[in-house]
Amino acid sequence: MIARTKIICTIGPATNTPEMLEKLLDAGMNVARLNFSHGTHESHGRTIAILKELREKRQVPLAIMLDTKGPEIRLGQVESPIKVQPGDRLTLVSKEILGSKESGVTLYPSCVFPYVRERAPVLIDDGYIQAVVVNAQEHMVEIEFQNSGEIKSNKSLSIKDIDVALPFMTEKDIADLKFGVEQELDLIAASFVRCNEDIDSMRKVLESFGRPNMPIIAKIENHLGVQNFQEIARAADGIMIARGDLGIELSIVEVPGLQKFMARASRETGRFCITATQMLESMIRNPLPTRAEVSDVANAIYDGTSAVMLSGETALGAHPVHAVKTMRSIIQETEKTFDYHAFFQLNDKNSALKVSPYLEAIGFSGIQIAEKASAKAIIVYTQTGGSPMFLSKYRPYLPIIAVTPNRNVYYRLAVEWGVYPMLTLESNRTVWRHQACVYGVEKGILSNYDKILVFSRGAGMQDTNNLTLTTVHDVLSPSLDEIVP
């Protein structure tokens, strides 16, 4: 059974070996996320090499995502996890040290220290550990813990009511982007996006490195990102609803409503949407998710999210492969009761991004024709990825087989809802239609006498403008030997 909603897996110590990565791929991974808040270029480079070798060997559109560290406040390295209890105190310092309970822990960036005030609430590791500032000095802050937990290396830290304007991109981010371009990665997830200018500035950096069209995913995780959401969505290629930091920066009870708003608005704007953070969190330790987690994943799918993301579950959890299999099972079961027709009508009515009235008419009419004719799939040839991305926003019941000669587009489409990318060297319409039908049959999407709708481009036309309703049998009747001399 196919799954239209895509799965993103964060790669970490639990999964960064060839054997584990292949198991994740077999379980349903579509995108491998590398979190550049952790690790080095050397360690990420090893993982990237394994992923590239794996996707070539298996001939699959596995995308690789670079997630930037961004302008966040974060703890430094600790010698070993520091266990804390209510009432315990810990010193945070500006100088770089290997942290311990006795010597304290480094806090990055050092520019935040002058802005910290006593009695300010502190949340560590997405709010799992809570503390309060009891002593604030120029290069040192002392905090007192309000609950028990373990302080680990590089964990996120949030200080309430701190008014400091951090730069959107740090020197590390720029170096990481350069590395990502050199490694020919497929997607960039930009952390803590506040406005469309942040996206524009990142595009300029990517352009300076020779990759101006590298897709950028805007992570929405603070109040400015929410406030400026519409302009950010138009500037970015996709949206990630980063619920962890969002639930710290705003009230946690606001997150479900914001999730629904952003999923809907992303779709209407023609942008893919990723729902992230704590989706199957208990599976970091346990072999089964909670009922609430299953409902959380299902509701994200009902909201129309393009992809769901696993973080700690696959990066450092005890059951990474089973977590992916569980996620895929939830997707497949939920999609049985997904109201495709309602989404189709709603998206046409509320579409906020009219790419062109002509293309809108072709796409909308084509999906209607395909559904009324009981077609089993849509096949579309694309060089830029625009046509399948455009069709995906309507959330059609029909799988979209996207045929492309562009390797970057092939991998980039891995994150799009309902899109199944296929790489070809052919521009001959008869040949690529034949290849797409063979691909569909091999993947279990199509059978011999199924009807299909083919989107293609007429001679001299820039946009997709040709719709053909045919059958798999008619396309495959002449063999490739007969088609190609």
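Yeah, the Cβs are placed from backbone N, Cα and C, and that goes for glycine too.
Cβ neighbour count for Thr277 (substrate binding site) (all protein chains, 10 Å cutoff from its Cβ): 20. Residues or ranges marked as substrate binding site by Swiss-Prot on the basis of similarity to another entry: Arg33, Gly244, Asp245, Thr277.
Other C-beta atoms found within 10 angstroms of the C-beta of Lys155 (ATP binding site) number 19, with every protein chain shown included. For Asn35, Phe36, Ser37, His38, Arg74, Lys155, the entry in Swiss-Prot reads ATP binding site, with the evidence type similarity to another entry.
Swiss-Prot lists Asn35, Ser37, Asp67, Thr68 with the feature K(+) binding site. Of all Cβ atoms in the shown protein chains, 26 besides its own fall within 10 Å of the Cβ of Asp67 (K(+) binding site). The secondary structure of Asp67 (K(+) binding site), as reduced to three states from DSSP, is extended strand.
The C-beta environment of Glu221 (Mg(2+) binding site), restricted to residues of the same chain at least 6 apart in sequence and closer than 8 Å, consists of Ser191, Phe192, Ala242, Gly244, Asp245, Leu246, Glu249. Taken from Swiss-Prot, the feature Mg(2+) binding site applies to Glu221, Asp245, supported by similarity to another entry.
Among the features that Swiss-Prot reports, site 'Transition state stabilizer' is placed at Lys219, with the record citing similarity to another entry. Taking all protein chains in view, 25 other C-beta atoms sit within 10 angstroms of the C-beta of Lys219 (site 'Transition state stabilizer').
Among the binding-site residues listed (Asn35, Ser37, His38, Arg74, Thr277), Asn35 has its Cα nearest to the Cα of Asp67 (K(+) binding site).
Look at the Cβ of each of the binding-site residues Asn35, Ser37, Thr68 and count the other Cβ atoms within 10 Å; the largest number goes with Thr68. Under the three-state DSSP scheme, Glu221 (Mg(2+) binding site) falls in the coil class. Take Asn35, Phe36, Ser37, His38, Arg74, Lys155, the residues named in the record as contacts for ATP: the widest Cα to Cα gap among them comes to 14 Å.
Under DSSP, Gly244 (substrate binding site) is assigned to a helix (H, G or I) in the three-state scheme.
The residues near the K(+) site, meaning same-chain residues not in Asn35, Ser37, Asp67, Thr68 whose C-beta sits within 8 angstroms of the mean position of the site's C-beta atoms, are Leu34, Phe36, His38, Leu66, Lys69, Gly70, Ala189, Ser191, in sequence order. Shown in sequence order, Ser37, Leu107, Tyr108, Asn154, Lys155, Ser156, Leu157 are the residues of the chain, 6+ apart in sequence, with a C-beta less than 8 angstroms from the C-beta of Arg74 (ATP binding site).
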